[in-house]
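Novice: Dropping a structure here in C-alpha cells format, bear with me for questions.
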Ligand code: FDP
Ligand code: ZN
C-alpha cells in the first residue's frame, strides 16, 4: 500500500477546498513541534527532563520540567511562520502575541502542551492537545476575549499521543484521521482515515476515587454500570483510566468507550476539572467528527459560550448512546430539583 504523509494529505485537502494554505502550514508547524516534544519525552532521565520545574502555572498546579519545555517548543515553532495572530496555553495566564519582528496571520492557536503530566515520571503515555480558531477581523492587539469563541467555531483540532508510538489525530471538519510518526524517516504517515466510534460500548473511563464527591445523577449512572448484567443495564461493563485524557480519548477513538470527568464537590467551585478551550473543545470536535458525542452533562460542549481563557467544565464524551443516557440523567435531575 502506498503511504500518504501528513504533508501530502494536507495538500490533497487543500485541492478539495477543505482548508487554506495558512491553516495547512499551521498544522504542519504544530506537527513538527510535537516531533520535538516526542524526542524530549523519550529522553527521560537521559535528557534531564523528569521531575518538577519548581514553578506553578496559572491554575496553581505544579509544573513539570516537560510542561515548560513543551510549551516553549510550541511557542518557538509557531512564532515566525506568519500563520498566527497569537497563541494561548494552559501554562500561560495570558495569550502570547506574535513578536513584532514576524508577520502575523489570521489564526489563533490554543494548546495544552503536555496533558496528563502526572504520567511523565512513571513512563506512561502523555499528549499534546491543540485547537485552532479564526482571529476576528480588524484586531491589532489580540486579547483573551478574542479566544472566547464556542467550539463550533474551531477550524481544526487535534492531539499528539506520546506512547509506544507517537500518533497525531487530526480534524479540520472533514472527518477525524490518524497519522503515525515513522521515526526512521521523521514523517507522520496516514494510518487511519475517517475514524468511526461505535455507537454502543461496554467500557468506561472515570476516576472512581471521586465517587463519594459526585452529584446524584452521576452516582446513579455509574452504580447502574457497576451492577452489570444483574442490574438495569443487563450487561457487564469494563473500566479503564490512564489519567491522561489524550490516551483515554485515543482508546475511545480506537475501540469505542466513554470518558467522564463530572462535576464533584472538589472541583465544583472551579466549574469542573478539564479546561474548555484547550481540552474539552478540541476533544469534542475530534469525537463528533468520528460520530461520537460530547456534552457537559446538560448540553453539547461545542455550543457553550466560553467566559474565560482557562474556564473549566465537566466533560462527558465518547460513544453516542452512553453519552445520551448520562446526559439525560443529568437533565432529569435538573428538571426534578
Ligand atoms: P493532568 O492534570 O495530569 O494534565 O488535564 C487534566 C488531566 O490530567 C487529564 O489529562 C486527565 O484525564 C485528568 O486530569 C486526570 O485526573 P485525575 O488526577 O483525577 O486522575
Ligand atoms: Zn491537560
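Even glycines carry a Cβ here, placed using N, Cα and C.
TrEMBL labels come from automatic prediction, so no person has curated them.
Feature annotation from TrEMBL assigns domain 'Fructose-1-6-bisphosphatase class I N-terminal' to 6-192. The Mg(2+) 1 binding site annotation in TrEMBL covers 90, 112, 114. The annotation Mg(2+) 2 binding site is assigned in TrEMBL to 112, 115, 279. Annotation source TrEMBL lists substrate binding site at 115, 116, 117, 118, 207, 273. The domain 'Fructose-1-6-bisphosphatase class 1 C-terminal' annotation in TrEMBL covers 197-330.
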Novice: Rounded to an integer, what is the Cα-Cα distance in Å between residue 90 (Mg(2+) 1 binding site) and residue 115 (Mg(2+) 2 binding site)?
Specialist: 9
Novice: Could you count the residues of the domain 'Fructose-1-6-bisphosphatase class 1 C-terminal' (197-330) that DSSP puts in helix, in strand and in coil?
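Specialist: Breakdown, helix to coil: 63 helix, 23 strand, 48 coil.
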Novice: Given residue 118 (substrate binding site) and residue 112 (Mg(2+) 1 binding site), what distance in Å do their CA atoms have, once rounded to a whole number?
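Specialist: That comes out at 14 Å between the alpha carbons.
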Novice: Could you list, ordered by sequence, which of these binding-site residues: 114, 117, 118, 207, 273, have a Cβ under 6 Å from ligand 2?
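Specialist: From 114, 117, 118, 207, 273, counting a Cβ under 6 Å from ligand 2 as near, there are none.
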Novice: Of the binding-site residues 207, 273, 279, which one sits closest to residue 112 (Mg(2+) 1 binding site) when you measure Cα to Cα?
Specialist: 279
Novice: Measuring Cα to Cα, how many Å separate residue 273 (substrate binding site) from residue 115 (Mg(2+) 2 binding site)?
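Specialist: If we compare the Cα positions of residue 273 (substrate binding site) and residue 115 (Mg(2+) 2 binding site), the gap is 13 Å.
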Novice: Please report the number of other Cβ atoms within 10 Å of the Cβ of residue 118 (substrate binding site).
Specialist: 13
